[in-house]
């Protein structure tokens, strides 16, 4: 999976898909009451990027629904995964449950259209800190209460805050989540980062019977040398400001026979058995 990073303006969706991304990440900004308002990162952000691009969240969902619906004029077959980077660290933890309710209802109304939409992308909820786990509980409670619990099959959880992996596992255990889990490791493209935690996550992913990590991705990669390093370690995905660079690396002799772009037929919740 090649995730286009910080795709917060509607016009950026096609831009990143044209560069080769098959997944996009966008930031969800909340008001003080936990209501999702806009797709927006803000300052600071990655080096060389404009931090202020944004869209109304519901309008963004309406557009991305079309982009991921077969036979729609806007349909782009390659886009199979949507990563919602939830900026919960900007609001009180006491509002995390309200935020989870709100995002679930907006996805129901504007993306899935309560069963009337054929939009098919998988959804990845990026939680910044495990202390915000009430968001996940609320999201799942809302799908159940609204009568659309089946959409859980399309939704995965990702911990994006570089926290202790065992601490993350403990919270997932509390929530009763033993599947559909991604693990991110990374840092803004402005800085270098070692591989110790990334290797630990990959080791846990590959441990038989360990159900708290199904996929691992590295972020935010812009240098080809770091992309190569991550691929050699065996990551499932790369988040980048430059998907075209990832495509070029994947075509290199060392990787061409080992990796390919994920399609809709690849289940993002299953561990890859090479």
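Cβ atoms here come from the backbone N, Cα and C positions, even for glycine.
Computed from a predicted structure; not experimentally measured.
For reference, Swiss-Prot has these:
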- 5: active site (ACT_SITE)
- 41: active site, nucleophile (ACT_SITE)
- 25, 27, 85: Mg(2+) binding site (BINDING)
- 45-51: disulfide bond (DISULFID)
- 47-190: disulfide bond (DISULFID)
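Taking the mean position of the Cβ atoms of 25, 27, 85 as the Mg(2+) site, the remaining residues of that chain whose Cβ falls within 8 Å of it are 5, 6, 7, 8, 26, 28, 39, 41, 83, 84, 86, 87, 126. Counted within 10 Å of its Cβ, the other Cβ atoms near residue 45 (disulfide bond) come to 21, all protein chains included. Taken residue by residue with DSSP, residue 5 (active site) is part of neither helix nor strand, so it is coil. All protein chains included, residue 41 (active site, nucleophile) registers 22 other Cβ atoms within 10 Å of its own Cβ. Not a single one of the recorded positions 41, 45, 47, 190 has a C-alpha within 10 angstroms of the C-alpha of residue 25 (Mg(2+) binding site).
Counting every protein chain shown, the number of other Cβ atoms lying within 10 Å of the Cβ of residue 5 (active site) is 30. The DSSP secondary structure for residue 51 (disulfide bond) is coil. Looking only at other Cβ atoms within 10 Å, the busiest spot among the binding-site residues 25, 27, 85 turns out to be 25. It is 11 Å from the Cα atom of residue 51 (disulfide bond) to that of residue 27 (Mg(2+) binding site). Reduced to three states, the DSSP call for residue 27 (Mg(2+) binding site) is strand.
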